[in-house]
Amino acid sequence: MKVGFFSSLPVVLLVCLVQQVVATSTIFIKESNTTFALNLSPDSDDVNFYMAVPDLYQYTGIGFGATMANSLMFLVYANNDRNGVTLSPRLSTGNTEPVFYPAAEIILHEGTRAFDHTLYVNATCRGCRSWEGGSIEVNNPGHPMIFGLGITHVRGSDDKDMPLRRHMGYGVFSMDMVKATTPGGVGVPKINATDGAVLPKVINEDHGDRAATAHGVVFAIVALVAAPFDSLVAGALRKWPTLHMITATVYFALVIGALVPGINISKQYIMTQKMQTGHQVLGLLTVVMMFGMVIWGIALVFIRKLAKKRGQEPPERSALMGRMHAYIGWLIWLLFLINNGLGLKLADQGNTFILGYAVLAGAVVIFMIPIYWLVWRCTRPRRDKEEDNYQLNTIYNHDQQHGHNMYQ
């Protein structure tokens, strides 16, 4: 009897281990080759979990809740040298970048490693049954869960507060918390299998932030097309100021059209929510300068029309105001060109893409400089004539006001 008992002991232990593993809730997401297993200890508020995810994504995240709002998430990504794992607990207030949650005490267990392009995490989150704004419903057999995948082919990081790019895929599923509530932790669950969880939909592909795309594309049109064309019209077609008013209106409308989605994007990311990055500060400053130039241009038109209505030449200072209006317009164009590059850097675009924009922007500037010079040369006689007429009219009006007549 004793021999039979001890000979069957390994089998009994194996069965116990299998039961322990099966008693956890496990989800396998085929589209992203992701395994997530969950265990809730019945005698504590600890959350034990296991994750196996590919290392090609910027991050793989699993969260508790039906939406991102007030969800506790576990984000996994490769470390800086891509030979280890970084686990970052985070909270989200909505459809915004999740914030690192330092109150979550994470303990990494044996088996947490990076191997063969896969990140393995075996961890415990101490006291994580509840958090600010949410909690795990331990008696819910269909607890809502979410997951998200970052973009692919990015560098790793040791920083648990690493800035995140918008997810490229996301989805929802449910897990049986009753089944997950057993003693002993998670261990290594059965890979590529789902038990105690339901995945109703495949991953929803996120084709990118359309607002960010619109913001970047429209500002590129502003800097590379609208701004130089408006300056060209203002200089070459001075006899028809209405044309400049039309191009300037389109130019300003494009700027506002690009600014609005940019402000909305800023609310989604931690780095940009306080509007303190170089791209945001320079961008807002440039838009304010442009708004001032619009008011300035309207004032110039009003002054000149009023003088014409009275049969007078515009005041002398209006010519200086016109030249300053043109010079500041060129400065605004230059600032837009520079700020677009800062925006690409802030968006974490690749160096090749940024270099390509720099070459294109430089080519536009080099192309426009000789054109502006030709316009200046061709319009110089007309400007000199206008200045001579202005001086003659000024002398004539001065003599009339003082009762003098050179022909008497």
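The first residue you see is number 1, and the count goes up from there.
Just so it is clear, glycine is given a Cβ too, placed from its N, Cα and C backbone atoms.
Summarising the annotation, TrEMBL assigns signal peptide to 1-23. Feature annotation from TrEMBL assigns domain 'DOMON' to 59-150. The annotation transmembrane segment is assigned in TrEMBL to 249-270, 282-303, 324-342, 354-375.
Remote same-chain residues near the transmembrane segment (324-342) are listed as 216, 219-220, 222-224, 227-228, 230-231, 234-235, 278-279, 282-283, 285-286, 289-290, 293, 296-297, 300, 354, 357-358, 361, 364-365 (criterion: CB distance under 8 Å, separation of at least six residues from the stretch ends). Long-range neighbours of the transmembrane segment (282-303) within the same chain, counting only residues 6 or more positions beyond its ends whose Cβ lies under 8 Å from a Cβ of the stretch, are 241, 244-245, 248, 252, 255, 259, 262, 275, 314-315, 318, 321-322, 325, 328-329, 331-332, 335-336, 338-339, 342-343. Mapped onto DSSP classes, the domain 'DOMON' (59-150) shows 0 helix, 50 strand, 42 coil.
Sequence-remote contacts of a segment are chain residues at least 6 beyond its ends whose Cβ falls under 8 Å from one of its Cβ atoms, and for the transmembrane segment (354-375) they are 220, 223-224, 228, 231-232, 235-236, 337, 340-341, 344-345.
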